[in-house]
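The structure under discussion appears below in the form of structure tokens.
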Amino acid sequence: MMLFLIHLMALCCMFVAEVACEQFNSTSNSSSAQSSLIDFQYKGVSIGGWLVLEPYITPSLFNATLSSGETWTDLPVDEYHFCEKLGAKEAEKRLTDHWESMYNETDFKQIKEAGLNMVRIPIGYWSFEKLEGDPYVSGAQDYLDKAIEWSHANDLKVMIDLHGAPNTQNGFDNSGLRNLGYPGWQNKTEYVNHTYKVLQQMFQKYGTGKYASDYKNTIIGIEVLNEPLNPNMDKLKEFYIESYNDGREIQVINNTIFFQEAFQPIGYWDSFLEKGEIKVTETSNGTNHTTTKKADFKNIIIDHHHYEVFTESQVASNVSTHLENIKNYASAIGKEKAKAIVGEWSAALTDCAPWLNGVGLGSRYEGTAPYTNDRVGSCAEFNKSPDKWSKKQKKDYRRFVEMQLYEYSTNSQGWIFWCWKTEGATEWDFRALVKNGIMPQPLDNYKYVKNGTDTSSASAIASNKMTLLLAFLLVILVI
């Protein structure tokens, strides 16, 4: 009987070990076909809140606009209204101080030391050419040029990202002009044509001459527009074709041109990139004329953005659900025909960072206006200094970060974290996450994720199975 039990226990241990091994070693092969296409594996970070203001990244800039007797209702909600409130002279002074102080070459050295190999630098159209009547001030372009030099000196690639278009392409404050729910970029041909004009200037400056010769191995490409929301898709496709053709005609270097997904489903852009054409109907003198716009797309990357905090169901999810969401999302990208990156993601498990949703707006996590969902919890636990976070909080964040690092690296051409640093929004702050042991160093130094499996969860499953088996053995012994 004893010999039988020993054999049974050995078999049980082998079974549990096999279960754990299967869980730990499971991996997706969906990117194997894509891997041969990869020329450069992106491990990057966005320089957010610098050349295009975002209130939650640098709230001090916005708070400093208040005069005696004013309240938060008098705060500007974006860069457009920041400049309008202060006037051109004062806005230029404050923005120049901001551009000078927020980033310098030391930051780019630290970015390299953190294991990153590229930066994505957002900039607005107004930094190249304003529209008549715009309150924006110029000057940020000079700091983009400095950032390219700093990147070159520290062996970092640069993606230049047109983050704001005239009359806002998405209504978000990160476009320069907040008008939630009412992006107006496509409302007038003038706005789209002005965007073409700005892109042509960008292609001319950064794709020819000095930059083409001295920085051709630094400037990896240009993203023609960030996050267009609810556009007329045929018009957006026309814009992508025309922008691409301008880029290839003007530039003397064959760098990458990035198309942002425009919040479309994964795989949406595959057929468009394969066909490289769109039929366009124009009206002239009361008569409709249909033409076909074409492009021979080469060296295109689709830029996907993914966050887990901008719906009520997401902020109510537990960490295990978030991890499963990431696995499913990345697996779908791995099946895309187009080359793709996850060009924005973060460590955020809540939308608690003050002003993340916009100046004067609350959070889904707390169910505060304008959100009407049930309260999930208190933001105080997440907005306190990360050195005061509990061990469980830090572990959960690290599990979430590790899963994204692994899955995006495995199933796409890489990733770009949003963003390098903030004044206090830790979930969005790569530098702070490194300092607090949440962002792995080196970047593949995973504690909890092994080959795409959350081992903390897998260990619990194996432990529970072992407990049940041992209980079964004890019953046999008693019998």
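Note: Cβ is positioned from N, Cα and C throughout, glycine not excepted.
A coil conformation is recorded for Glu227 (active site, proton donor) in the three-state DSSP classification, outside any helix or strand. As annotated by Swiss-Prot, active site, proton donor applies to Glu227, with the evidence given as similarity to another entry.
The active site, nucleophile annotation in Swiss-Prot covers His306 and rests on similarity to another entry. For His306 (active site, nucleophile), applying a Cβ distance below 8 Å and a minimum sequence separation of six or more within one chain yields Ile326, Tyr329, Val342, Glu344, Trp345.
Marked as N-linked glycosylation site by Swiss-Prot on the basis of sequence analysis: Asn25 (among others).
The N-linked glycosylation site feature in Swiss-Prot is assigned to Asn29 (among others).
Annotation comment: Swiss-Prot describes Asn63 (among others) as N-linked glycosylation site. If you draw a 10 Å sphere around the CB of Asn63 (N-linked glycosylation site), it holds 11 other CB atoms from the protein chains shown.
All protein chains included, Asn104 (N-linked glycosylation site) registers 13 other Cβ atoms within 10 Å of its own Cβ. In the three-state DSSP reading, Asn104 (N-linked glycosylation site) counts as coil. Among the features that Swiss-Prot reports, N-linked glycosylation site is placed at Asn104 (among others), with the record citing sequence analysis.
Annotation source Swiss-Prot lists N-linked glycosylation site at Asn187 (among others), citing sequence analysis. Classification of Asn187 (N-linked glycosylation site) by DSSP places it within a helix.
The N-linked glycosylation site annotation in Swiss-Prot covers Asn193 (among others). Every protein chain considered, the tally of other Cβ atoms within 10 Å of the Cβ of Asn193 (N-linked glycosylation site) stands at 11.
Sequence annotations record features per position, and here Swiss-Prot assigns N-linked glycosylation site to Asn254 (among others) based on sequence analysis. According to its DSSP assignment, Asn254 (N-linked glycosylation site) is coil.
Annotated N-linked glycosylation site per Swiss-Prot: Asn285 (among others), in sequence order. With a cut-off of 8 Å between CB atoms and residues at least 6 apart in sequence, the same chain places nothing near Asn285 (N-linked glycosylation site).
In the three-state DSSP assignment, the secondary structure recorded for Asn288 (N-linked glycosylation site) is strand. If you look up Swiss-Prot, you'll see Asn288 (among others) marked as N-linked glycosylation site, on the strength of sequence analysis.
Non-local neighbourhood of Asn318 (N-linked glycosylation site): empty, since no residue in the same chain at least six residues away has a C-beta under 8 Å from its C-beta. Residues or ranges marked as N-linked glycosylation site in Swiss-Prot: Asn318 (among others).
Per Swiss-Prot, the feature N-linked glycosylation site maps to Asn451 (among others); the stated evidence is sequence analysis. A coil conformation is recorded for Asn451 (N-linked glycosylation site) in the three-state DSSP classification, outside any helix or strand.
In this structure, Ser456 (GPI-anchor amidated serine) is part of a helix by DSSP. Other C-beta atoms found within 10 angstroms of the C-beta of Ser456 (GPI-anchor amidated serine) number 17, with every protein chain shown included. Annotation comment: Swiss-Prot describes Ser456 as GPI-anchor amidated serine.
Marked as signal peptide by Swiss-Prot: 1-21.
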Cβ neighbour count (within 10 Å, all chains shown) around Asn288 (N-linked glycosylation site): 8
Cα separation, Asn187 (N-linked glycosylation site) to Asn193 (N-linked glycosylation site) (Å, whole number): 12
Cβ neighbour count (within 10 Å, all chains shown) around Asn254 (N-linked glycosylation site): 13
Nearest of the recorded positions (Asn104, Asn288, Ser456) to Glu227 (active site, proton donor), judged by Cα-Cα distance: Asn104
Candidate glycosylation sites Asn63, Asn104, Asn187, Asn254, Asn451, pick with smallest Cα gap to Asn288 (N-linked glycosylation site): Asn187
